[in-house]
Structure formats: structure tokens, C-alpha cells
Amino acid sequence: MSTHTLLVLYGSQTGTAQDMAERIGRQAQRRRTEVRVQSLDSYNVANLISETLVVFVCATTGQGDPPDNMKNFWRFVFRKSLPTGSLCRLDYAVLGLGDSSYPKFNFVAKKLHKRLMQLGANALLPVGLADDQHDLGPDGVTDPWLISFWQKTVSLYPMPPGLSPLLQKSHPPDDQGPPSAARPFPAQMVSNQRVTDLSHFQDVRLIDFDITGSNIQYNAGDVVMMRPCNSPEDVEQFCQLLRLDPDSYFILNPADGAVVPARLPQPCSVRYLVEQYLDIAAVPRRSFFEVLATLATNELEREKLAEFSTAQGQDDLHSYCNRPRRTALEVLADFPHTTAELSVNYLLDLFPEIQPHLNLSAHPNRLQILVAVVRYKTRLQKPRRGLCSSWLASLDPTQSDVSVSLWVKKGSLKFPQDLDTPAIMVGPGTGVAPFRAAIQERIAQGKRANVLFFGCRSETKDFYCQSEWEEKVQAGHMTLFTAFSRDQEDKIYVQHRVKEQAKLLWDLIANKNAVFYIAGNSKQMPTGVCDALKEVFQQEGGVTEIQAQEMLEAMEKAGRFQSETWS
């Protein structure tokens, strides 16, 4: 394959597809194949016509949408003006990463595969549809798919003898989207207020930012993005384990076509790299153990790392790492011989970049976010903490000036422009944040057909923005239904309130063209609310269960049913 270059292009929202793309890049290097790994939007798509071998690794987001870092590519490749045979030179393969519990399972990968064939490209093998719900997780699909891919590729492009392996793959910058991501605004934190009772187990913060002079413009449903930092304690422990001086500096030299990450200064301190770039507090993926295994010289540690890298070892890896939510930093502490041998040269191979975290904006005039501080126990002694929420909670603007670099991107929720179209919003917990922004914006526009279903545990402990809702109800600007799950013997959730309001909801949806929204935790709530809504259709509309499902699907297709959920 000396005369051919493998190009691996990825569309990634949370980093999973990027991780898989880089894994394919490492496999190519071991096969002495020249390889480039890039995000789809950092690649000049006009060059695709001259490529010969490309692997596309794609995630699917939201309602079957492409990830942010492939949206420009997506628009280009679906242009109707592209000639039918324009990609006739291209051999390609598409690997999708998805979750079959979602209705638009691997929609982006399937659609891209079909489009590339329409443009004359030659598919080396069927589209790979990795599934988080598989017994072996996504590896149950990706492992055999990659074996087939390499068998096919090597038969088409035989490997010439005597070619030295490439030592470093490309590390493309992840900030190839809107300019605001590459140049975030340093917003001054004005307040960081706990909005749950001190006796309540959950610490939830309402955080206020001053964005004067930022030129940030946003609408209800848009989201605030920010990159958190690792804690000082984790940074210190990391440097001790690897015997690194945090105050020493290094220069990244690009090799073999690699790209230096745009966010890293040159020269860069070890402290900056570990604190602001490397995601050392995340639960590591299988690729982390693959890289460590290749570097290990201690026999016992190497055997265990190699076992965790195999498909057969995934149950053990899940028990060791995923189930207790063990972090990459804690794994390094468990493999001290291997860790002590690591140098700065390997860190970008081992650790993904800290991903921007999404916080839903909650105010139309001043930028506010509502954040639940993630903290929970597993069988490990040390409590698990959410990186972004814990970092934000630790910032205290009453003690010193606090600045947080942030930017805003378009969210998936779109609210009706028409003055009389009702908006029905179901937002339990912090899911109420985008609806707080929407209701404030709609009231300012003279839109009063606002119906909110809010749920929490207790009216006295975690009823966010209670006085604000009560004022708006009193003024006739909205209708509010609440579900306090622990304030009575039988647990009452928002889906119960939806069913109770069947007559009202049917009238709004069937006769007044209302739009129905869900925001919040993606575990059981969205399914419960959807089931309740279908029961409303059956009860008030006199339709069958199948017809109720078809009605919901038709609403979704028309943009009259929208959801923004997160895990």
C-alpha cells in the first residue's frame, strides 16, 4: 500500500467516533499503511474526488442528525448538483456508532453509505452498524467488521515488504466548527447559587454569567458550551504517577502529516496539557488499554492490559472499569510499572481531549445555566464526580473574579413563531432550563399559550424557580402542572400528570396545532411521557394503539414533537 493512503474521516459528538477513527489509524500503522485521521469538517471535501481509500466513522445525534463536526461535509455531499459518477475512483467503508434503543439508530451512517453509492463510490463491505445495546457492546459489531475491512483492503492493496511503520498518527483539532468554538468568550461569572435545599441530596446550581461585549446572540433552545478543567488534585496525582514536572515545558513537533492540536500553545507546559486538555477523569475506552498494552514491559501488567484489549476480555473490562466508573487516572495507579514508563510523547495517543460540555441556557437576556452537580457512589471508595458540574460548583465569584470561556451553539429545540400556536413543555429536573428560556422569550413576544409540566422530588427541596413560575401563572402567562414524586406515598411523575390532562392536551394538539416538547434525563422519562401521550390520543381521539404511534411519528416528522435529552 505504499502508493495508497488510507484516509479515516470521523463525525463525532462526544468523542466515541473520534476514538474509533484513531483506533483504525493505529491499526493501519501496524499494517505499515500510510494513514491520515481527520474530522469530516476539517477535511476539504472537494478533495474527495481524488481519494482512493476512505473509512467514514459516524455517530448519530438528536433526531437522526449528523454530529456538529460533520455538518458542513453533510450539506456538501447531499448537494443535488453533484454528478452521479463523481466518486467512481473511491473505495470506501462506513462504520456507524449508535444505540438501537433510539428510533433513528445509525441513521447518519446508513444515509451516508447510500449517498456514496449514488455518487459512484465502491463499497468494500456492508455498512457497519455498531450498537451500544449489543451483548458485547459496540465491539460486538466493530471487531468483526474491522477484521473484514482489513482482509478486503489488504487483498486490494497488497502490503509491500520493507516499509517502516509510521510512528505517529494525525491529531486533528476538534475545533473546526463555528469560530466561537475556536475563540470562546471569557464570560465573567456573576453568581453561583445553590437552588436546592441544603437538606436535599442533590446540589443544583443556577449560575449567572455577564456576557457584555461578547456579541453572543442566542434564542430559546440554544445551548452554552464550555470546556471544564481537571481538578488540581487530579493534575498533581497524574504528574506524580508519571514522574512529570508540571512546570516543565515541551514543544509539539508535527510528524508524518500530523497536525498539532490548535488549542495547545507552543511551547506548552505539562500543567496546561494535563489540566485543560487531557481527559484524565473519564472512564477510559478499550483503545486506552490497547495503547498501554503495547507500551508495557512488566509481564503481569502487559498480560492484563492485553486481556482487556480483546473482545473476549470485555466482560472483565466492564466489571473493572465501566461498572464502577473507574477513571483513566485510577487505571494508571493500578498499573504503576507501565505508568512510570510513560513519557509525554504518548499522552496524546492515550487520552482524548476534554470535550465541550453542554449546559442548557435558561434566560433570554442574561446568560444563565442550571447545573445538577454529579456525585454518586460505586463500589470504589472515592465518590464519582462529574467533571464539568464539579468544576463549575467549585468556582466562587464571591471570593475572587471568575472567568469561564464559553460559546453558544444552536440547540435542537425549535419553538413556534406563530403567536397563537401553543407550546406544551415537559421538563422535569434540570430539563426545565430550556423551557424557562422559551417561556420568558415567548411571554416577551406576547405568546401566552405556554403549558409546562415540571417534576422533581419535593416541593420544598428541589422545586427550581418556584416563585418565578407562580408569578407567571398568576399573570396568566402560562399554565403549570407539577409532579413531586416523593411528597406522597405513591410516586407521581410528569407522565402521570400528562395522562391526567388528557382533555386539555388533546384539544391543544388536535384542534390548535400545539407543539409538544420533552427535555431532561434520557433514562426512562422520555419513554414514559411518550407512552402517556399515546394513551391521551387513544383515550380522547378514539384511535388504536397503532394509530396513536403513527400520530406521534407524524408529529415528530412535522416538527410538532421535539426532544432534547441527555444521560
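Each residue, glycine too, has its Cβ placed from N, Cα and C.
Feature list (source: TrEMBL):
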type    : residues                                                       : note
DOMAIN  : 6-150                                                          : domain 'Flavodoxin-like'
BINDING : 12-17, 59-62, 97-106, ASP132                                   : FMN binding site
REGION  : 164-185                                                        : region 'Disordered'
DOMAIN  : 182-416                                                        : domain 'FAD-binding FR-type'
BINDING : ARG325, GLY386, LEU387, CYS388, SER389, TRP566                 : FAD binding site
BINDING : THR430, SER485, ARG486, LYS491, ILE492, TYR493, VAL494, GLN495 : NADP(+) binding site
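Distribution of TrEMBL features across the structure.
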residue : record               : contacts (Cβ under 8 Å, 6+ apart)
SER12   : FMN binding site     : GLN18, ASP19, ALA21, SER39, VAL57, ALA59, PRO67, ASN69
GLY15   : FMN binding site     : ASP279, PRO352, GLU353, GLN355
ASP99   : FMN binding site     : PHE105, ASP131, ASP132, GLN133
TYR102  : FMN binding site     : THR60
LEU387  : FAD binding site     : PRO228, ASN230, ASP279, ALA281, ALA282, ILE354, HIS357
SER485  : NADP(+) binding site : GLY455, CYS456, ARG457, LYS491, ILE492, TYR493
GLN495  : NADP(+) binding site : MET525, GLY528, VAL529, ASP531, ALA532
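Residue environment of ARG486 (NADP(+) binding site) contains 13 other Cβ atoms, counted within 10 Å of its Cβ in all protein chains.
Each of the binding-site residues ARG325, LYS491 was ranked by the number of other C-beta atoms within 10 Å, and first place falls to ARG325.
In this structure the C-alpha atoms belonging to TRP566 (FAD binding site) and THR430 (NADP(+) binding site) are separated by 11 Å.
The binding-site residues examined here are PHE105, TYR493, TRP566; by Cβ neighbour count within 10 Å, the least packed of them is TRP566. All protein chains considered, the CB of THR430 (NADP(+) binding site) has 26 other CB atoms within 10 Å. Residues of the domain 'Flavodoxin-like' (6-150) grouped by DSSP class, helix first, strand second and coil last, total 58 helix, 35 strand, 52 coil. Each of the binding-site residues ALA59, CYS388, ILE492, VAL494 was scored by other CB atoms within 10 A of its CB, and the lowest score goes to ILE492. With a 10 A radius on its CB, SER389 (FAD binding site) counts 21 other CB atoms from all the protein chains. The Cβ of GLY386 (FAD binding site) lies under 8 Å from the Cβ of VAL373, VAL374, ARG375, each of these being in the same chain and 6 or more residues away along the sequence.
Here THR430 (NADP(+) binding site) is positioned 12 angstrom away from SER389 (FAD binding site), judged by their C-alpha atoms. The record assigns ARG325, GLY386, LEU387, CYS388, SER389, TRP566 to the FAD site; their largest pairwise CA distance measures 18 Å.
Taking the Cα of CYS388 (FAD binding site) as the reference point, the closest of the binding-site residues THR430, ARG486, VAL494 is THR430. ARG325 (FAD binding site) is 23 Å away from THR430 (NADP(+) binding site) when you measure Cα to Cα.
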